[in-house]
Amino acid sequence: MQVAAQHGSGLRLHRATGPRRTPLMHTIAVYTSGVPESQPRKAEGRSWINARHASSPLPLSSVSPPARRPLAAPPCASSASSSSPQEGGVGQEVGEYVKLVVGLGTLYALDMAIKKVFTAAHITFPSALGGMFGIVAVLMAVGESSASRVLSFYTPALNWIAKWLPLFYVASLVTLPLALKGIAGSELLKILLILSAGMAGTLLFTAQITVFIRAVVRTENKEITKAKPASPFLPSHFVAWGAVGAAALAATAVGGPGSELGARMALPFGLAATVGGYLLGNAVPKTLQGLLHPVVVTALVANAGAALHGSVFGVSYDTALKLYHTKGTGLMGAGDFLMAFLGCVIVSFGFRIYQQRETLRRHAPEILGATLLSSLFSFFSTAFAAKALVLSTDLARALIPRSVTVALALPIAGQLDAPLPITAAAVLLQGLLGANFGPNLLTLAGFKDTIARGLAAAATAGGLGTASLTSKEPEALPFCALSYSLVGILSTVLVAMPPVRQALLGIVG
């Protein structure tokens, strides 16, 4: 090493004062300098590198042997190589569309099959939730390799559902005015006060209790990867659905009041108004979406669209809303069409839950604890608030399951001898409040944790809260799905327990 160092310094000296040495001269010097014969190649290589540094103004790494000129490709090979990426891109795009259509179709068929099985077995538990948990169980049973292939196939359908999720929950909001008819103004004001305060209280309580339980059990809170945002809506979406709406309204006018053609146009025009409302809601500046969430804009525009179609068709506002969502009593309306897909949408949540299975397993204590305590808090806070405002007994009982999804809230109301239409309206009103104000309220309160936000939004506002939060924070979907299903299940179990049911009835009278 000393001889080599001396040669290195000698090279630098010769570069300044004498003739430049060649690599051959360095090799001879190394072999005559006393370096052991066992290391001649290593010394030779080091000397050659030093000589290169001395003789070249550029770094050695930038000096490379001349590139070999490639042989020219035949014209046919050149054209084939240039066209294959385009063909691959088109083929891949077609493949994604095929996966999308087949994926949605199989999810719909699966939902229908599960519904038939539950009906035949006289199971009152919502079949869609059963399907959701069934998907999780099957994916875990087949192993990670097979589950990954299944997830890859269903990814286009899952992404499409996530992008359009709020559409499948707004039908009941559009017809909400029908559910509120017949309630006295003073009682309606009390209901709104209870639901507004109850929404904020349950939302913040659930988020805080989630963080508290995590701190108690000392669960490691790893950062959850933010989901890729959905692709933006294009001008072509507005043009296409605007054309559908204009054509349907024109056909209604041509058919005239009360015509069969006008009645059939309620479906395409209602769909155009609903989708158009969602597009407009997403176009609202983000600074205003805290006050007017896209879910709410969708419901308002769809409601106005139903009224417009009704006026052209020559029917009242109430009748127009009934045409929008007939609930099986007439021709299929836009609300019926969208609600028909709600079951397969909920079933698809099972894939999202499976994808976050490790996180869910790690945070199981806070998920189970938060949903249980949230259910109890919602029940008893509602009962005490109704008693404080001297709300009539029937209405007070109807409000108790306000935080439970409608499918499970109605059986709970039945156990409390409460009027079912009022319960459905209360759940929808709270869902509307939670969808519009919930995400911003959580942010203002300082809750930025994805798990706490997901559990709180769904435990408070059910499906509407889920659609509202996940439209901007899709990574929260697995926690939302678990939250509103567990809140519904635990609430049903709690009310079935005589001590809990008697305590609630004793408070409201």
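All residue numbers here begin at 1 and follow the chain in the order shown.
Note: Cβ is positioned from N, Cα and C throughout, glycine not excepted.
According to TrEMBL, the feature compositional bias 'Low complexity' maps to 57-87.
Here TrEMBL flags 57-90 as region 'Disordered'.
The transmembrane segment feature in TrEMBL is assigned to 123-143 (among others).
Taken from TrEMBL, the feature transmembrane segment covers 164-185 (among others).
Sequence-distant neighbours of the transmembrane segment (191-217) (same chain, 6+ residues past either end, Cβ-Cβ under 8 Å): 183, 363, 365-367, 369-371, 373-374, 377-378, 381-382, 385-386, 389, 391, 395, 399, 402-403, 426, 429-430, 433-434, 437-438, 441-442, 445, 447, 449, 451-453, 455-457, 459-461. Annotation source TrEMBL lists transmembrane segment at 191-217 (among others).
Residues or ranges marked as transmembrane segment in TrEMBL: 238-255 (among others). Sequence-distant contacts of the transmembrane segment (238-255) (same chain, at least 6 residues past either end, Cβ-Cβ under 8 Å): 261-262, 265, 268-269, 271-273, 275-276, 279, 305, 308-309, 312-313.
Residues or ranges marked as transmembrane segment by TrEMBL: 261-280 (among others).
The transmembrane segment annotation in TrEMBL covers 292-317 (among others).
Positions annotated as transmembrane segment by TrEMBL: 337-355 (among others).
Taken from TrEMBL, the feature transmembrane segment applies to 367-386 (among others). Long-range contacts of the transmembrane segment (367-386) within the same chain, counting only residues at least 6 positions beyond its ends with a Cβ under 8 Å from a Cβ of the stretch, are 190, 193-194, 197-198, 201-202, 205-206, 209-210, 213, 360, 395-396, 399-404, 451, 455-456, 459-460, 479, 482-483, 486-487, 490-491, 494-495, 500, 503-504, 507-508.
Annotation comment: TrEMBL describes 418-438 (among others) as transmembrane segment.
According to TrEMBL, the feature transmembrane segment maps to 476-497 (among others). Counting only same-chain residues 6+ beyond the ends of the transmembrane segment (476-497), those with a CB under 8 A from a CB of the stretch are 126, 129, 132-133, 162, 346, 349, 352-353, 355-356, 359-360, 367-368, 370-372, 374-376, 378-379, 401, 403-405, 407-409, 411-412, 415-416, 450-451, 453-459, 462-463, 465-466, 469-470, 504.
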**OP:** Six or more residues out from either end of the transmembrane segment (164-185), which same-chain residues have a Cβ under 8 Å from its Cβ atoms?
**Re:** 191, 274-275, 278, 294-296, 298-299, 302-303, 306, 318, 321-322, 324-325, 334-336, 338-339, 341-342, 345, 395, 406, 421-422, 424-425, 428-429, 431-432, 463-464, 466-468, 470-471
**OP:** Take the transmembrane segment (123-143) and find every residue of the same chain, 6 or more past its ends, with a Cβ under 8 Å from one of its Cβ atoms.
**Re:** 110-111, 114-115, 117, 150-151, 342-344, 346-351, 353-354, 357, 405, 407-408, 411, 481, 485, 488-489
Subject >> Beyond the flanks of the transmembrane segment (261-280) by at least 6 residues, Cβ under 8 Å >> reply: 164, 166-167, 170, 174, 233, 237-238, 241-242, 244-245, 247-249, 251-252, 254-255, 294, 297-302, 304-306, 308-309, 312-314, 323-324, 330-335, 337-338
